[in-house]
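Marked as domain 'G-protein coupled receptors family 1 profile' by TrEMBL: 53-304. According to TrEMBL, the feature transmembrane segment maps to 12-32, 38-61, 73-99, 111-132, 153-175, 209-234, 255-277, 283-303.
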Amino acid sequence: MSVQYSLSPQFMLLSNITQFSPIFYLTSFPGLEGIKHWIFIPFFFMYMVAISGNCFILIIIKTNPRLHTPMYYLLSLLALTDLGLCVSTLPTTMGIFWFNSHSIYFGACQIQMFCIHSFSFMESSVLLIMSFDRFVAICHPLRYSVIITGQRVVRAGLIVIFRGPVATIPIVLLLKAFPYCGSVVLSHSFCLHQEVIQLACTDTTFNNLYGLMVVVFIVMLDLVLIALSFGLILHTAAGLASQEEQRRAFQTCTAHLCAVLVFFVPMMGLSLVHHFGKHAPPAIHLLMANVYLFVPPMLNPIIYSIKTKEIHCAIIKFLGLKKASK
């Protein structure tokens, strides 16, 4: 993708010495700089909804003893992962809109891309474990309490916490060894590995292959196993005796299915744009990246609050108690 930006002479000087001290230039929406204060409003709204919504889910689960079960422990882990994604992009995105601060040092860029990719891989893993939880609940309900125990959920949570960062560390650290020359303009308001690696003026075959392997063996494998879980759930639900039992089975996994679609559809869209849409308008790249990183953390609390009866009732009870206390 070729994007033309007018940079200051001082920044052009910095771009010529990026082999020694890389400083990247983050962008917002090219061509819309005059109305960026208006564009800030939906971004601020999405951040507020995502952060407050996920914090509220955590508070509801923590304060309601009836929700201290493996399913809601996993939902808490999903909310924490969504909070991590929000906080990862918040400094640079708000810095551009509030302070017109576009420059980012390479070290800070490394930290940000490490957090973004780690939390993305973590969310994929959490959704996989939640799919297995729903599979056992519907396909083997009598054995659910034996298979899904608190201890196993804790172990799975630890695997999720370390799986993403361990897979991300090598490709992020290797970026430090590459020289960067020419244009150092990034087409997003945050750092992504697949974009930074394109600015290196050396052979990056290992990073590209390693990144592809990580995507295949983490994200794609998770997606295949999630699809397999839902296939088995649909097969089991279709074989239930009554329509009422089928309806209850489908309702049990509706919220999770929505969360899976909200996360994986934008991810696949962003991947397709990066690989096959190099000549697409810059706004398309920006839109897909922002949808991928901002929409799931914003929608997940809403989805689970509406579609999960226990969460919905707990919220009503929580708000009712708060109102009564006033």
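Using N, Cα and C of the backbone, Cβ positions are placed for all residues, glycine too.
Whatever TrEMBL says is automated annotation, not expert-curated.
The recorded stretches the transmembrane segment (38-61) and the transmembrane segment (283-303) share 3+ CB pairs below 8 A when only pairs 6 or more apart in sequence are counted, and are therefore in contact.
Each of 73-99, 255-277, 283-303 was scored by its Cβ pairs under 8 Å to the transmembrane segment (153-175), and the highest score goes to 73-99. Summarising model confidence by region, the domain 'G-protein coupled receptors family 1 profile' (53-304) averages a pLDDT of 88.
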